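K.L.:
Have a look at the structure that comes next, please.
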Amino acid sequence: MLLLAAGWSKAAPAANLAEQPISEARLAAFHTQDLLVFRPLATPIRVPGADFVSAQGPVRMPAMFRDHWTLLYIGYTFCPDICPTELTTLSGLLPALKKDLPGANWQVVFLSVDPDRDRPKRLAEYAHYFDPDFHAITGTRAMIDRVTRAIKAGYRIEPHAPGSMTYEVDHDTAFRLISPDGKMVAILPPPHEISPMTQAIVRFFKEVVQ
């Protein structure tokens, strides 16, 4: 009561950035300060329609991006070192973005390109080890290829004997920034450091989204 009388009031709620349309004119005019950290796309790439599965059931792209800003990462659970490192980084980046851009309704989506070994239950357990809020999905080879080709995320499964479950997968390690209307608007290439990425994304939002 005394605080209110002295002129103090509650902070205004954060703007809902997940409902703000992207200005493609602003996007085209945006100049990043460091292409080694954040690479905006002058022309966004629409994520194609594709059906996937999670431990919770069927998932559809691009509908899963609606009402969220998304960091998309491709990999696989048997990855010996790169995926654990990158998912650990994402587990630190996600709360930083939620703090600095609370109205963006952030989510991380981990897309496995190894559906033969990464069954939904295993995939969820793996992703949730890094952060219980991560969304982990996979699908048929056709659906995976449809999306990865569109967003230019390459991968290659090491040749192996039919039926063998011992092999490695070479894959793209960039983070991809997906808008709520299902368009890839930027790529964050490796190596990934939380502070520079957070600063770059915040600047992008101030100049392009807000």
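Quick reminder: no glycine exception, Cβ is built from N, Cα and C everywhere.
If you look up TrEMBL, you'll see Cys79, Cys83, His171 marked as Cu cation binding site. Taken from TrEMBL, the feature disulfide bond applies to Cys79-Cys83. Annotated domain 'Thioredoxin' per TrEMBL: 41-210, in sequence order.
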K.L.:
Quick check: with Cys79, Cys83, His171 left out, which same-chain residues have Cβ atoms within 8 Å of the centroid of the Cu cation site Cβ atoms?
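P.N.:
Here the non-site neighbours turn out to be Ile74, Gly75, Tyr76, Ile82, Glu86, Val169, Thr173.
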K.L.:
Give the residue from the binding-site residues Cys79, Cys83 that has the most other Cβ atoms within 10 Å of its Cβ, counting over every protein chain displayed.
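P.N.:
Checking each of Cys79, Cys83, the winner is Cys83.
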K.L.:
Long-range same-chain neighbours of His171 (Cu cation binding site), Cβ under 8 Å, sequence gap at least 6?
P.N.:
Ile74, Gly75, Tyr76, Cys79, Ile82, Val113, Ala153, Gly154, Tyr155, Arg156
